[in-house]
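For reference, the structure discussed in these notes is given below.
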Amino acid sequence: MKDNNQETPKTPAKQPRHNHSIDLYAAQCGKCFKWRLIDTQEEFEEIRSKLIDEPFYCDRKPDVSCENPADIEYDATRTWVIDKPNTPKTPEGFKRTLVLRKDFSKLDAYFITPTGKRLRTRNEMASFIKANPEFKDVSPLDFDFVSPKIMEDTIPDYVVRKASSNGNGSSRSKALKEKSESNYQ
């Protein structure tokens, strides 16, 4: 029988979980260098896939010009990542998803198949396509698993970074602090 005057032992509190998902897509104007929000991942991938041959300009968005203020400013209020220009669009029916590592060292690229399976390598994609003949028109080369570059100057202060693998200590270390939510671009 439990004595009502005794305190119940408490389990240690867990560290809060932070939301590290992409919540905004943006493109930088090739003329004025202002950042413009892009409505969908699909539209962003379309712009990104042709960026070298067809640079993005403000007037590509309806009723927007270089004279308008930027939609968003590049600053440390969120973590920014920059995708490689001309990365191919994700084939129709598939979805590219990026997972940020806890230490913010990199993003891992995955593709979600139309059947819901999460694949992380071209070899896995090749096996999936081989096992699912309805996707025979899709090539593993249509999928780019390259990770976007995380902009170091926008990584939150609460993140503890590991020392670089080459031992030169070029990665900065940060003390762990409470912070509400981290977003990245």
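Glycine residues also receive a Cβ, built from the backbone N, Cα and C atoms like all the rest.
Taken from TrEMBL, the feature compositional bias 'Polar residues' applies to 163-173. Feature annotation from TrEMBL assigns compositional bias 'Basic and acidic residues' to 175-185. According to TrEMBL, the feature domain 'CW-type' maps to 19-74. Sequence annotations record features per position, and here TrEMBL assigns domain 'MBD' to 80-150. The annotation region 'Disordered' is assigned in TrEMBL to 161-185.
Note on the domain 'MBD' (80-150): DSSP counts are 16 helix, 18 strand, 37 coil.
The DSSP breakdown of the domain 'CW-type' (19-74) into helical (H, G, I), extended (E, B) and coil residues amounts to 12 helix, 10 strand, 34 coil.
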